[in-house]
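These notes are about the structure you will find just below.
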Amino acid sequence: MLKKLKIGRKLLRELDFVVIILIILLVAFSTINVHSATHLRYGNYYLKSQLIGLVVGLILGYLVLIPDYSIVKDYAVVIYMFGVFLLILNCLPMFQVTVNGASSWIKIGPITMQPSEFAKIGIIMMLAKELDDMEGKINDFKNFFKLTAYAGFPMLLIVTQPDMGMTMVCFFIVLGIYFTSGLNLKAILGIILATIISVAMFWNSPLMQPHWKSRLTSFINPGADPLGAGYQLEQSKIAIGSGGVLGKGFMQSTQISGGFIPEDHTDFIFAVVCEEWGLIGAVVLLLLYGILIYRLVRIAQNAKDIFGSVISVGIISTILFSVLQNIGMTIGIMPITGITLPFMSYGRSSMLTAFMCLALVLNVGMRKRKFNF
């Protein structure tokens with residue numbers, strides 16, 4: 001039994017240890033920043049919870065590395081359907097948990113989870129499987145329609161929660177996969193234009209939730225309501241600016257320790273980094289993400305098949321957009337959403353799925369051969 005849980009030496013030589021080191025640095029930095037943001041109000045609760053999540057994430061990540069990733073293709077439909085099933089449960093009031101105006105969570109007994117995190121993985125798996133079966137022929141209209149239907153149905157369910165952040169993540173995933181798979185540029189531009197028109201059409205409809213509107217309007221003009229919709233952004237900017245070049249020091253923040261920023265350990269963890277570690281800390285964090293993305297892109301380029309390549313692209317798209325969106329919203333160049341900062345923000349569901357997704361890309365890299373897409 002134990003032999004089955006071991007990874008052969010030849011495969012271990014192919015493992016990208018640079019990525020492993022980068023993740024260790026990110027989660028270590030995450031742990032101390034989450035603790036700094038929460039210790040005055042909650043003691044060691046979030047520190048212990050974060051460490052438990054990291055241990056479970058590492059175990060799950062290791063288990064994902066063991067089998068050849070191509071086996072996952074046989075279960076892509078099951079994974080996709082499981083994600084859709086959770087989203088359907090999310091539509092039932094008896095399971096819903098509403099946070100900040102969005103019913104993005106479900107509670108089954110003692111277990112609370114975010115269905116859209118699992119649905120996101122399901123979309124990536126399903127598109128990867130279908131593109132592999134289609135031999136990458138995405139510009140065939142029937143193939144394109146089929147792929148869009150698979151991606152669109154769970155995204156529609158996510159919109160109804162309503163979860164603007166995860167909708168944006170899934171949209172960026174699909175766009176990234178379509179672009180790297182060679183979809184006609186006109187079709188990509190058409191998708192983007194159709195999305196913009198749809199948002200404009202639904203702006204004054206019942207489908208456009210009030211808290212979505214307030215977030216978008218506060219993004220355009222945060223100073224218009226500094227104590228209401230624009231409060232988080234204004235306080236985040238103060239924290240970031242007050243950190244200066246070197247920062248105030250670990251656990252020496254005033255904005256964070258004063259409780260001026262709601263969700264400082266989750267959505268606004270970047271503000272914690274900037275206030276306590278300054279510009280230098282922020283630049284180091286961005287460099288870690290930049291190197292990570294670069295290494296993962298190399299893995300995607302060298303995947304042995306379309307399935308592995310598309311999986312990698314989907315996960316890279318998730319990480320890249322989440323980083324850009326999360327940091328962008330804390331400095332005011334993107335609207336505020338519930339998107340967390342990968343491997344940095346507190347959150348068990350997002351942390352566990354992040355570890356499993358990253359392990360899957362590393363799995364692709366361990367079993368690679370040159371493949372151009």
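Placed from the backbone N, Cα and C atoms, the Cβ positions cover glycine too.
The following features are taken from TrEMBL:
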| type | residues | note |
| --- | --- | --- |
| TRANSMEM | 12-33 | transmembrane segment |
| TRANSMEM | 45-65 | transmembrane segment |
| TRANSMEM | 77-95 | transmembrane segment |
| TRANSMEM | 164-180 | transmembrane segment |
| TRANSMEM | 187-205 | transmembrane segment |
| TRANSMEM | 277-297 | transmembrane segment |
| TRANSMEM | 309-334 | transmembrane segment |
| TRANSMEM | 346-366 | transmembrane segment |
Do any residues of this chain, six or more beyond the ends of the transmembrane segment (77-95), have a C-beta under 8 angstroms from a C-beta of it, and if so which?
103-108, 113, 115-116, 118-123, 125-126, 129, 150, 153-154, 157-158, 160-161
Relative to the transmembrane segment (164-180), the stretch among 12-33, 187-205, 277-297, 309-334, 346-366 with the most Cβ pairs under 8 Å is 309-334
